[in-house]
Structure formats: structure tokens, C-alpha cells
Amino acid sequence: MGTPLFIYAPSSVSHSSPLGALFVFPTLFYSSDKDIIYICPFNAAVKGKVFITNYRLYFKNTDSMPVTLDVPLGVISRVEKMGGASSRGENSYGLEITCKDMRNLRFALKQEGHSRRDIFEIIFKYAFPLSHGMQLFAFLSQEKYEENGWNVYEAMEEYRRQGVPNSEWRVTFINKNYELCDTYPTILVVPYKATDEDLKRVATFRSRCRIPVLSWFHKENHAVITRCSQPLVGMSGKRNKDDERYLDLIREANGTTKLTIYDARPNVNAVANKATGGGYEGDDAYQNAELVFLDIHNIHVMRESLKKLKDIVYPNVEESHWLSSLESTHWLEHIKLVLSGAIQVADKVSSGSSVVVHCSDGWDRTAQLTSLSMLMLDSYYRTLRGFQVLLEKEWIGFGHKFASRIGHGDKNHADQDRSPIFVQFIDCVWQMTKQFPTAFEFNERLLVVILDHLYSCRFGTFLYNCESARESNNVRAKTVSLWSSVNSDTSLYINPFYTPESSRVLYPVASMRHLELWVTYYIRWNPRIQHQQQSPVEQRYKELLVLRDQYLKKLEELQLSDSTPSSTHLTNSSTPNAATPNQHITHLQTPF
Amino acid sequence: MICSGFFVTSGEVEFCSANPILKYTQDDLSQRGVFGTLFCTNFRVTFISDEKPQEKTDKTFKNKLYGENDIPLMCVDHIYGVYDEKRKLITGGLVKNKYPSKMIIHCKDLRVFQFSLTFSKEEDAKKIFQGIAHHCLEEKSLKCVFAFSYMGTPSPEMQWKQETVMFDSPEDWTQEMKRTKANCRLVTENENFELSQRLPKYFVIPLTIGDLFSYQGKGLPIWCWSHYSGCALFKASFPPVTQEDGDFQKHLDTMINAVAHNHLYSVKTEDLSESLPNIQDIQQSYNKFKQFFLIENSTDFWLSDVKWFSSLESSGWLDIIRQCLQKAVEVVECLEKDNTNVLITEEEGTDLCCVISSLAQIMLDPYYRTLMGFQSLVQKEWVAGCHAFLDRCNHLHQKDKEYHSPVFLLFLECVWQLVHQHSPAFQFSETYLTVLSDSVHVPVFSTFLFNSSHHRESVMKAESPLAQSGPLSCPTVWDWSVQFDSKAQNFFFNPLYLEKVKHDRAVRKPHKPKHQRNLSLPSTAFKTPPKKGFFKDETDSLKKMLRVKRLSRWRGSPDAPAATTREFFESWQHRPLDYHGLLLPCLDGPAVHIWMQRYLRWIPEVYILGGGSVAVMTKLMELLSQVQDLKRVLEQRDSSQAAKLDHRPYFQHRLLSFDSSGRLSSSFPFAYTCYRSFKPIIPTGLMQSLMVTDSLASQEDEASSVVSFV
């Protein structure tokens with residue numbers, strides 16, 4: 001029963017010894033002197049040793065069953081003692097560890113001499129360093145990479161790539177000290193005609209001062225995606241002339257007749273938000289705008305949905321009513337709503353109309369919608385580098401509250417602020433890569449690695465809630481970026497089928513007929529569910545690529561050895577991409 | 001009137017026609033369409049547009065017998081009439097009174113056609129409606145089926161048929177026994193169907209069976225396949241129940257003893273009518289299931305998207321597929337792991353017995369995963385094996401529903417699951433399976449028109465239009481050139497399949513079985529080997545089962561798969577996967593999928609433009625052709641060099657030609673590139689989908705979300 005229990009090891013770096021040469025100073029805190037039993041839900045109880053470093057919990061079997069566990073401590077959301085000193089029954093005394101990545105771990109110990117006290121306390125302390133006044137592991141890691149991932153995203157460079165600034169849109173440094181909005185980045189792009197004073201006045205009318213700013217600019221029709229938070233309309237239905245004028249400036253920039261405002265929330269929730277001072281853009285106040293609700297639910301609904309999903313896939317996949325159980329989690333329906341919202345945004349923009357996207361605060365659903373629609377519209381974001389830029393810009397830069405949503409290093413597992421919004425977004429991206437297997441330069445492995453390090457705390461990339469917090473904690477200087485690791489070995493993350501098509505808008509089909517559960521992520525711990533490391537097509541394709549290179553090399557050698565002029569036609573047909581496939585096919589038709 | 005040159009098939013005769021008829025284009029709700037003439041002939045219902053076709057018609061993957069606006073009469077599933085906005089199912093009775101303003105035709109290959117009858121003359125409209133309803137719905141006799149008028153010219157490309165083993169001669173059976181090293185007896189006594197008209201012309205039985213005539217054609221264990229260990233799979237119908245109890249007992253004993261004698265005196269019996277849904281359950285479930293794919297407009301589509309998963313589940317179809325595969329795995333386990341003979345039984349022995357025995361053979365024997373092997377298997381188990389295709393497919397529109405059941409389709413569905421999970425193990429593609437499932441309803445092939453070998457032979461003799469010139473010869477479905485040219489046939493091949501390298505051949509016939517087969521201990525000396533599931537109690541339970549009157553026992557989902565099969569699967573899974581070895585399906589919920597190509601190919605809402613697996617296949621084909629070119633160039637340069645090059649069997653692949661003009665949709669090769677605008681399809685009715693009722697939905701995103709400004 002030698003099943004590896006992880007499909008993608010959370011670290012992309014191989015490590016030969018249990019504790020790894022991964023980090024320069026691995027600090028070992030715990031090593032079990034007696035056997036601890038790992039109660040594996042797929043096999044049976046496995047005897048082995050547990051090692052805990054400042055980064056990970058490692059389990060290695062000592063009996064015949066070859067089982068290892070390698071769990072970054074950051075993944076742990078909760079540790080509990082199970083059973084007491086007097087509990088009866090086999091393996092009833094021990095620890096139960098709940099993880100953020102769709103699994104639970106149970107260990108049993110001998111009921112003698114408080115055997116679990118040390119291990120419990122060490123896990124509790126180092127899995128939740130922030131709750132114990134300590135630093136996250138990312139600040140202790142001394143990994144070195146050839147690439148510096150912190151240089152992947154430069155805001156100015158990215159805006160320039162989009163064609164901004166220009167006569168319609170300008171760059172403002174008004175937020176360079178986070179004075180306008182503490183959850184926004186320092187560099188913002190706003191309508192050319194809006195003055196900094198205007199921005200300040202608009203900020204008073206937008207929740208948390210998150211004013212509408214440019215996310216993406218359509219080079220041909222000059223339509224834009226702008227993002228913001230809800231207007232502070234309140235119960236009394238307040239209006240703000242500056243805000244109204246500001247939205248009109250966005251509309252005017254490319255002569256859009258009607259600006260479309262996509263409110264990600266369900267209508268009722270938007271109305272309910274008025275009670276707490278929020279709300280939505282009313283018809284009479286914003287006459288040149290059309291408001292569309294996208295009916296995407298809030299972070300609490302999403303959290304419960306994923307929890308239900310975990311219930312039906314871990315440890316065992318629901319047997320008898322799989323499809324209706326899956327439906328009852330609503331997880332794929334939420335995916336459908338997010339994707340169809342993004343499709344609508346992308347469609348509007350590609351038809352030449354500018355849009356404003358917001359939800360309540362503009363850092364959860366808004367980030368999902370803007371980044372997904374940008375992924376549909378702009379093929380650059382479908383490259384390995386471009387996708388990193390997209391995440392850095394729309395999620396990290398614009399203040400998706402990673403610290404609150406994930407709860408890095410925090411013991412408060414029941415915190416209502418936690419929610420898998422980013423996981424849901426990555427799932428949407430995965431759905432798109434499934435539907436368009438040749439349109440993305442990166443592969444599924446990258447998506448899984450991103451989600452693994454969303455929790456692991458090994459890299460600084462997903463730490464903290466916003467730029468200002470990252471800056472004050474000196475994240476760029478003191479931690480390593482995930483992209484340093486990824487970009488140092490890109491071959492792992494490249495999709496061999498990638499075919500660049502620059503001007504193509506990618507509209508996925510947001511129908512349950514096509515949406516699938518991401519089995520290789522959510523059910524990856526289950527050895528029964530088949531997941532091939534590499535799809536057979538991909539394997540075959542790679543073999544053929546190797547073969548082609550061999551042939552090309554041979555041909556080159558032959559051509560070098562004789563330099564007759566007749567070799568011209570050979571050069572021609574040996575250039576891999578020169579001939580169109582059809583030409584090849586027609587004269588290569590093999591008869592039956 | 002139909003202009004000359006219209007008939008694709010000779011022997012076709014027009015019954016009636018009407019013009020102008022509006023054919024709605026499925027794509028939208030705007031009630032737009034094209035005008036043209038609707039014909040009903042003895043072969044099909046066909047619509048011929050008045051307009052010149054705008055889309056290019058030179059598709060690579062084109063059926064030569066019928067086009068996209070043709071519906072073979074046999075392929076019509078249901079007809080609905082719209083009377084004053086009300087949609088009614090057309091049955092015989094309704095036809096007489098009135099004709100509807102709109103006629104909706106649901107096809108067995110899941111296409112949906114909608115015609116407006118309001119534009120043509122009343123009398124024409126009435127005639128065409130009544131004509132179509134009559135020819136597609138009314139009970140008819142077999143000789144009215146188009147196959148008996150069809151006079152297709154025998155095509156020169158007959159290799160397909162020739163390579164497929166038809167199992168209509170003693171030699172085919174002898175050869176098969178030799179191939180599998182079976183030690184059984186070929187029965188030729190039924191050559192003139194004197195033993196039974198329900199039994200195959202030739203068949204194979206255990207050596208120890210004596211007097212065949214005492215069986216009255218029932219309860220004979222018929223050999224299916226032999227495992228290299230010597231144990232074998234047999235199938236049987238129930239012994240005649242009219243016999244006295246003592247005789248019945250005796251009969252069972254002989255039957256089971258005979259099978260046990262085949263190898264090591266071990267036998268496991270399985271009454272499939274006990275453990276699997278019966279043919280009516282299968283029929284009901286499929287009727288429910290297919291409804292979800294017969295989409296008339298996009299409102300319907302999005303409405304049904306809401307409860308998609310639970311709808312699918314409620315039909316139970318995927319569950320039936322899973323149960324059949326599960327049962328086949330159990331049979332495989334007995335043969336492969338326990339080396340026990342297996343006898344599967346069923347009332348007639350020609351429905352689920354065919355499904356389970358064919359599936360087990362595909363899992364065990366890589367030969368059946370080749371295209372020719374698969375076709376031979378269908379011949380062996382289904383066609384020569386006397387599956388009642390005519391009754392089960394209801395080609396003659398008999399009102400008696402008891403006999404209809406998509407058993408063969410169920411088998412193809414199960415095969416598709418295997419193909420989907422282990423694609424490189426199969427020489428044929430899913431397109432091949434889809435086309436095969438369609439061909440069942442093309443009334444040209446002898447393959448699917450009869451209930452048994454006897455039936456086939458007697459009808460073919462009697463119904464020949466040119467009786468004097470010998471028996472009629474309809475093509476078999478395996479003569480694919482009748483439907484597709486060779487370029488289109490390339491789509492039947494799976495580019496991921498690699499033939500087994502020749503010198504490995506010896507692996508298939510491994511270690512000699514420890515016990516030779518011809519052990520002949522006296523039957524009184526039966527020792528029950530210390531394995532589970534053995535002879536004594538097995539027979540008892542079978543006897544018990546057979547005596548109980550069978551009601552519909554199958555209800556809802558069955559119990560979880562037996563723990564032992566689970567172990568069997570897991571231990572198989574832990575071994576390295578050999579595509580030329582034993583193949584088992586994963587049957588967990590997330591692993592069982594819908595046959596998307598078959599069921600979703602005509603629904604424009606689900607077309608992914610430029611996406612789907614076809615996008616990857618195109619890339620693979622491009623690369624393959626490059627590599628082949630390079631190889632050829634190298635060979636030209638230096639043949640001695642080339643010989644040293646790689647000899648992996650990449651080059652036996654037929655290259656698929658994809659239309660490189662325009663973007664392919666995910667439904668390729670069935671639906672082509674959409675020439676519609678690049679507009680995305682935006683789901684409607686989204687809010688109905690998500691009734692999040694708990695209080696969370698109304699909660700604020702941030703616990704502390706009191707806005708501090710204002």
C-alpha cells in the first residue's frame with residue numbers, strides 16, 4: 001500500500017533527508033523518541049516518528065507501511081487534544097489537527113506520562129506564531145534563488161504595458177504615503193480630468209476610501225475596467241456630486257454612452273448594506289450609468305460552502321449520492337456565478353463600454369471579477385509571468401485581505417473573517433484552463449503550488465492585508481517571494497500545449513455541464529481517486545517533442561556533413577513551425 | 001418534387017413533401033429559421049433549405065448516408081406537436097384530428113428539430129405531418145425497414161468487415177478458442193437451428209455437457225472467454241421453469257458441474273437478474289436521463305442547468321453504469337485473482353449477460369481494446385450471441401414497452417467510461433463509440449435489425465428483393481465505408497494508443513497454469529477448495545434465487561461496492577499501470593462522468609470555441625505530422641541511419657485532419673466551428689440557482705463593517 005500521501009509536495013524543492021536541506025538553518029524543535037501512531041484514514045494506523053521544525057511537521061513510518069507526511073505548519077488551522085488519560089479504546093488518546101488544505105490529521109500516542117503535552121505545545125506555538133508574539137516563518141527562511149520574485153511586478157511598467165498613462169488616463173501619486181486610502185497601492189490610475197482634490201472628495205463617499213481606479217485599459221476601444229468599493233449612500237439615500245461627476249469622467253474617457261456598474265452582490269444584500277451606511281448607485285443620481293447586480297454571495301457563504309465540500313470529500317468521498325451531495329455544497333454554483341459575472345464584465349469591455357466593478361469593500365468579489373475578466377481579455381495574463389503580475393496587481397496590490405482571509409499564524413480558527421475567496425478564484429482559473437487547454441502558458445501544478453504557499457508562510461507573497469502593512473513590515477527585504485522559487489525553475493510550471501494567441505478574448509462556458517470539481521486539488525489526499533501526475537496526452541506530447549528534437553539534431557548533423565545545395569528543401573521541411581499542419585496532413589494520409 | 005440527384009441512397013422512395021416549411025435554427029429564441037421543403041421518404045425525414053447553404057459543406061467528418069438535416073426514420077424518438085402554444089406528445093390517436101402549427105422532433109441521437117407548418121398549404125402541411133407521424137410512430141413490419149429496399153453498391157473498401165471476426169462460422173469459434181487456449185467443445189448441432197431458435201448458430205460449451213437436446217435450448221452454459229489460467233467465463237439463460245422441481249434441480253446441478261469441470265472444479269455463479277437492474281429499469285432510467293439533453297431552446301438549457309447534478313442523479317443512469325462496471329470487476333476478480341470459473345445467468349441470457357461478459361473481456365484482454373478486437377467482441381457476444389436488437393431498440397415501434405431497453409447503449413456507455421479513464425489503452429476513440437451508438441438507428445445495417453441468428457437468417461432469405469438471386473445482403477455496420485470515407489474514419493482511431501511492441505508478445509501467455517485442465521476426478525470427490533465464494537453454497541444460493549419469483553427488486557442505489565472488490569481495485573492501482581494488461585475502472589463518484597461528446601454535441605450553449613480536448617488533439621496531430629515528416633526526410637537521406645532511429649510505434653497512427661480554417665468548437669467533429677459572432681453565452685436565471693437560505697447570506701462581509709466615514 002505504498003501510496004504517497006501527497007501528490008504535489010508543498011515544497012517544489014526536493015529534499016533527501018527528512019528534515020531537508022531546504023533551509024539553511026532548519027531548526028528542529030521536536031522529534032518523537034517513541035513511536036507515534038498516525039491514524040491514516042485511507043490505510044490504517046501507521047506507526048512512525050514525528051519531527052517538527054520551525055517550518056513543518058514531518059512524519060515517517062517506522063513499520064512496514066511506507067507513509068510519510070510533510071505538512072507546513074502554516075497549513076494548520078487548529079490543533080486539538082482528543083481523548084483523555086482515561087479514554088478507552090485503541091488509539092483514542094492523541095491529537096487532531098485540522099488543516100486549511102482540505103485534510104485533517106490524527107495522531108495517537110501512548111497514554112502515559114503526558115506523552116502528548118510536548119508535541120501539542122510545540123505545534124500550537126509554531127503553527128500560530130503571531131498568537132505567541134513570534135515571527136512568521138517567511139521572516140526566518142534564508143532561501144536563496146537565482147531570480148528575485150519581488151521584481152516581477154512594477155506597477156508603472158504594467159500600466160505602461162497596458163498603454164497608460166495617455167490622454168484619457170493619468171497616474172497619480174496622491175496615495176504615496178497611503179493617505180488617501182490605506183488599503184490601496186501607492187500608484188493609482190484615474191481619469192485624466194479628475195484632479196487630486198476630486199479624488200479626495202470622492203474618497204469620502206466610498207467605503208474605506210476605495211475610490212474607483214483603473215484596473216485595465218483596452219488598447220483598441222479604450223474601454224476600461226475600474227474597481228472600487230460601495231458608495232456610502234446609507235439609509236437616507238445620500239448623494240455625492242463629486243462621486244457622480246467622477247463616474248461620469250470614467251464614462252466620458254472613451255465616449256461610452258452608458259457606464260455599466262457591476263455590483264457583485266445580490267440585490268438584497270446591496271440594499272441591506274444601506275443600513276450600515278453603504279449601498280449602491282441609484283438610478284436618479286447616476287443617470288448615465290446602468291447598475292447590474294451579479295448575485296455573488298459573501299465571504300461567509302463561501303466559507304460554509306467549502307466546509308461542506310470538505311465534508312463530502314474528506315476523508316472519504318461520499319458514496320451513494322455523490323452528485324446531489326456535490327450540488328448541495330453549492331461550491332460549483334458559486335464558481336458559475338463568479339465566472340458568469342466575469343464573462344459579463346469582459347463582454348461589456350470588449351464591446352467598447354467602460355465598466356465599474358465593486359462589491360462592499362472592493363477587495364473580495366471585486367478582485368475575483370476584475371482579475372478573471374482581465375484573464376479573459378488580455379492574453380498576457382495567461383502567461384506564466386503575466387499571471388504573477390495579475391495576482392500581484394489585482395489581489396496583493398489592491399488589498400485582498402490575505403492575512404484576515406487565511407489567518408496566517410493566527411490561532412483563532414473560528415475567525416469570521418476567514419474565507420476561501422482566493423481559493424475560489426484559483427478554482428475559476430482552473431476551470432478556464434480545463435476549458436481552454438492550449439490558452440495558458442502555465443499548468444495546473446502552478447495553481448496547486450500557489451494554493452499550497454497561500455498557507456505555508458514560507459514566502460512573503462501572500463502575507464498581510466495590504467501594501468501599507470507589507471511596507472511597514474519590510475516584507476520585500478526580509479522575505480522571499482514565491483515567484484523567486486517559481487521563476488527559478490519554470491519548466492515545472494509550463495503547459496506544453498500552450499499556443500499564444502494574442503488578440504483572443506477567452507469566454508469560458510459557465511454552465512454546470514462543463515464545470516467540474518477540481519478533483520486533483522480538493523481530493524488529492526485520497527489515494528483511491530486516480531490522478532495521474534501527467535495526463536497521457538501530455539506525456540505523449542512531450543515524448544514526441546523529444547523525438548522531434550532528436551530528429552532535428554540528426555538532420556543538422558547530416559546537413560553539416562554534406563553541404564550540397566540540395567539541402568535547402570530539407571531545411572524547409574525540418575523547421576518545426578514553418579509548415580501548416582494541413583499541408584502535412586494531406587500528403588501524409590496513410591491509407592487503411 | 002425532389003430534384004434528381006437528391007437521393008444519396010438508392011432504393012429511396014418519396015412518400016410526401018411540403019413547402020414552404022420553416023425550420024427553426026436552434027441557436028436562439030428569436031423564432032428565426034430557414035425556409036425549405038420537408039420530405040418524408042422510406043428512409044428518412046429530410047429538410048432541404050431553399051437557400052444556398054452558406055456554411056461550407058465539405059466537412060471532413062460527414063456521414064454519407066444522412067446529413068445534418070436528415071433524420072433516418074428509425075432515429076426518430078418522439079414527435080411533439082404545438083397546438084395553440086401547448087406542446088403535446090404525438091401518438092397515433094392525435095394525428096387524425098388536427099395538424100399542429102409546429103412540429104418538434106426528438107431524435108435518438110439526441111438532435112432536436114423544430115419545424116413550423118403554418119406557411120405551407122393546409123393540405124400539404126397536414127399530409128406531411130400525418131406522413132411523418134405515420135412512418136415514424138406507427139407499428140410496422142420488419143420488411144418495411146429501409147434496409148430491405150436499400151441497394152447500396154458494395155464498396156471496394158471491405159477490409160474492415162473482413163478483419164472483423166463475424167463468428168458466423170465454426171472456424172471463427174475454433175480460432176477464438178485457440179487464441180484464448182480454451183478447452184471446450186464447439187457445438188455445430190444448431191447449424192439449422194434444430195436445437196433452438198434462440199441459440200446461436202454455433203457456440204461453445206464445457207466439455208462435459210452431454211445430451212444437448214435435453215436442454216430444450218435453455219440453461220446451457222455458453223462459453224464466453226478463457227483466462228490464461230484455464231478458468232473461463234460462461235453465460236446461461238435460466239433452465240425451463242415448467243419442469244418438475246426434481247428435474248430443475250438436476251438441470252442446475254449438471255449445468256454448474258459442467259462449468260466447474262472446466263477448471264479446478266471451482267465455479268462462482270452470479271444471477272444478474274438478481275443483482276442488477278432489469279431491462280425495464282434500464283429503459284426507464286435512460287428515458288429520464290436523455291430528457292436532460294434534448295434541449296429545445298436556451299431558456300430550457302439554463303433552467304435545467306440549475307439543478308443539473310441532482311437531475312442527473314435522479315435518473316439513476318450513471319448509477320446503473322457504475323453497477324454494471326462493478327459487476328464486471330467482480331467477475332474479473334474471480335477470473336484473474338481466484339482463477340475460478342464464472343457462470344453468469346439471466347432469464348434469457350442475452351441482455352445483461354452480454355453487457356457483463358463483454359465488459360469483463362475488455363478489462364482482461366487487450367485484444368478487445370483494439371478496434372478490430374472490439375468489433376469482433378460485439379459480433380461474438382451480441383450479434384452472434386443473439387441479443388434481441390430488434391426488440392430492444394424497438395425499431396418497429398411496437399406498443400408493447402416490455403421488450404424495449406437500451407441495453408447495447410448501456411454497454412457502450414460502460415466502455416466509454418473505461419476509454420475515458422484509460423484512454424491510451426484503447427485503439428478506438430470516443431468518436432468511434434459515439435458513431436457506433438448512432439449507427440444502431442440507421443436502418444441500413446443487418447447488425448442491429450434482428451433478434452437472433454435464426455431470425456437474421458430466415459428473414460434475409462425471405463425478404464430479398466431479388467429473391468431469385470440469392471439471399472439479401474445488407475452491409476454490416478462494420479463496413480464503415482458505407483457511412484464514412486476513409487479520411488473521416490481516421491477519427492475512429494485514438495492517437496494516444498500505442499500498439500504493444502512485438503517482442504513483448506510472449507508476456508500474454510505467461511506461466512503455465514499449475515493445474516492442467518483435464519483433471520477428471522469423479523464428481524463425487526468434490527472437494528471445496530479453501531477459497532471463499534465456492535461451489536457448495538454458491539449453488540445453493542443460485543437454486544434458491546431461481547426458485548424465488550422475481551419481482552423488480554432493484555430500487556434506488558445499491559449497496560456500496562463489496563469490500564473485496566475494493567481491495568482488488570486498490571492492489572491493482574498500486575501496481576504500475578500497463579495499458580496492455582488488466583484494466584480496471586475507478587468507480588468513485590467523481591470518477592464516473594457523462595459521455596459529453598454523445599450527449600452534449602448538439603447543444604450550442606456548451607460549445608467551447610477554440611477549447612475542449614480537440615484543441616489539445618490538434619496540437620498533438622501537428623507535432624506528430626512534423627515528426628513523421630522529419631523521419632521521412634531522414635530516411636530519404638540515409639536509410640541506414642533511419643533504421644537506427646526510434647522504433648516506437650508512433651507512426652502507425654492515422655493522422656486526423658482538422659479544419660484549420662476557423663476555430664473548432666469543443667463538439668468537433670460533430671458540430672463544427674460556430675460562425676456566430678464571438679459573443680459569449682451568458683447564463684440566465686442565475687438567481688434561481690442559489691437559494692442560500694441561511695442567515696449567512698445576509699451577513700456583512702466584515703464583522704466590523706460599520707463604515708466610519710460619512
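The backbone N, Cα and C atoms fix where each Cβ goes, and this holds for glycine too.
Database features (TrEMBL):
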- A:CYS359: active site, phosphocysteine intermediate (ACT_SITE)
- A:ASN298, A:ILE299, A:CYS359, A:SER360, A:ASP361, A:GLY362, A:TRP363, A:ASP364, A:ARG365: substrate binding site (BINDING)
- A:149-522: domain 'Myotubularin phosphatase' (DOMAIN)
- A:329-375: domain 'Tyrosine specific protein phosphatases' (DOMAIN)
- A:562-592: region 'Disordered' (REGION)
Largest inter-residue Cα distance among A:ASN298, A:ILE299, A:CYS359, A:SER360, A:ASP361, A:GLY362, A:TRP363, A:ASP364, A:ARG365 [record-listed substrate binders, Å]: 12
Cβ neighbour count (within 10 Å, all chains shown) around A:ASP361 (substrate binding site): 24
Confidence summary for the domain 'Tyrosine specific protein phosphatases' (A:329-375), mean pLDDT rounded: 97
Secondary structure of A:ASN298 (substrate binding site) (DSSP, helix/strand/coil): coil
Distant-in-sequence Cβ neighbours of A:CYS359 (active site, phosphocysteine intermediate), under 8 Å, six or more positions away: A:SER229, A:GLN230, A:ASP263, A:ALA264, A:ARG265, A:ILE296, A:ARG365, A:THR366
Of A:ASN298, A:TRP363, A:ARG365 (the binding-site residues), the residue whose Cβ has the fewest other Cβ atoms within 10 Å: A:ASN298
DSSP-derived class (H/G/I helix, E/B strand, else coil) of A:ASP361 (substrate binding site): coil
Number of helical, extended and coil residues in the domain 'Tyrosine specific protein phosphatases' (A:329-375), per DSSP: 32 helix, 4 strand, 11 coil
